[in-house]
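Asks: Copying in the features that TrEMBL gives for the protein in this structure:
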type	residues	note
BINDING	10, 11, 12, 13, 14, 15, 16, 17	ATP binding site
DOMAIN	8-197	domain 'Thymidylate kinase-like'
Ligand SMILES: Nc1ncnc2c1ncn2[C@@H]1O[C@H](COP(=O)(O)OP(=O)(O)OP(=O)(O)O)[C@@H](O)[C@H]1O
Ligand SMILES: Cc1cn([C@H]2C[C@H](O)[C@@H](COP(=O)(O)O)O2)c(=O)[nH]c1=O
């Protein structure tokens with residue numbers, strides 16, 4: 001495929017959405033053909049699946065159902081938006097992708113990283129990002145940012161206990177180690193300007209070297 005598939009990962013409140021928007025604007029100014037999107041969501045069917053997964057009322061959702069719904073939304077998003085954009089040679093910046101499933105469902109929910117990767121292989125059919133930025137921040141600090149923000153609605157996953165969020169973080173460290181060839185850590189505790197500058201530098205260097 002001609003384009004670049006770049007994903008942003010990290011715990012709740014790490015700043016992924018905020019920085020992704022700044023970085024996209026900077027890349028557009030520099031003349032790059034770049035789109036941004038998110039998981040779960042990004043297109044209508046996947047946004048509908050997102051509503052089901054994240055609805056606070058759905059307290060009975062089984063962990064395997066949750067993993068399968070994320071994988072289903074992922075497939076539709078790839079088929080309808082990501083793959084066509086890559087075929088047109090665009091840079092696709094995606095807020096979360098399969099590594100979120102590995103950290104949240106695989107490690108934190110206890111389904112197993114290998115098992116969750118295996119159900120996702122059917123969904124992604126070989127398409128993996130060439131670069132993943134891991135926004136590194138302890139869960140307590142990320143959740144404190146969300147608690148302060150009045151523009152971000154609290155969802156079903158946010159309401160999990162601190163032990164769950166610590167496991168998510170631990171899961172990410174395992175996933176980053178496993179896929180170290182595409183992983184780059186960004187210190188997400190720094191001020192916004194520093195985080196966006198660092199993220200932009202990593203992305204541009206990847207675009208120039210590949
Ligand atoms: N580097 C930063 N320093 C201070 N505050 C920040 C920083 N980055 C983001 N924030 C603030 O933290 C809050 C969460 O940011 P954002 O929604 O971008 O995080 P996120 O990683 O996308 O979270 P989630 O995955 O849980 O949706 C927002 O209020 C945002 O303004
Ligand atoms: C893709 C994906 C996401 N999640 C979780 C992570 C977050 O708690 C929500 C998404 O909310 P955000 O505000 O857009 O970050 O879903 C997950 O558990 N598994 C996944 O594969």
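Glycine residues also receive a Cβ, built from the backbone N, Cα and C atoms like all the rest.
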Asks: List those of the binding-site residues 11, 14, 17 whose Cβ lies under 6 Å from any atom of ligand 1, in sequence order, or write none if there are none.
Replies: 14, 17
Asks: Cβ within 8 Å of the ATP site centroid (10, 11, 12, 13, 14, 15, 16, 17 excluded): which residues?
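Replies: Sorted by sequence, the hits are 135, 137, 142, 145, 188.
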Asks: In this predicted model, what is the average pLDDT of the domain 'Thymidylate kinase-like' (8-197)?
Replies: 97
Asks: Given a separation of at least six residues and a C-beta threshold under 8 Å, show me what packs close to residue 15 (ATP binding site) in the same chain.
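Replies: Same-chain residues close to residue 15 (ATP binding site) (Cβ under 8 Å, separated by 6 or more) are 135, 137, 145, 188, 192, 195.
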Asks: Near ligand 2, which of the binding-site residues show up if the criterion is a Cβ under 6 Å from one of its atoms? Options: 10, 11, 13, 16, 17.
Replies: none
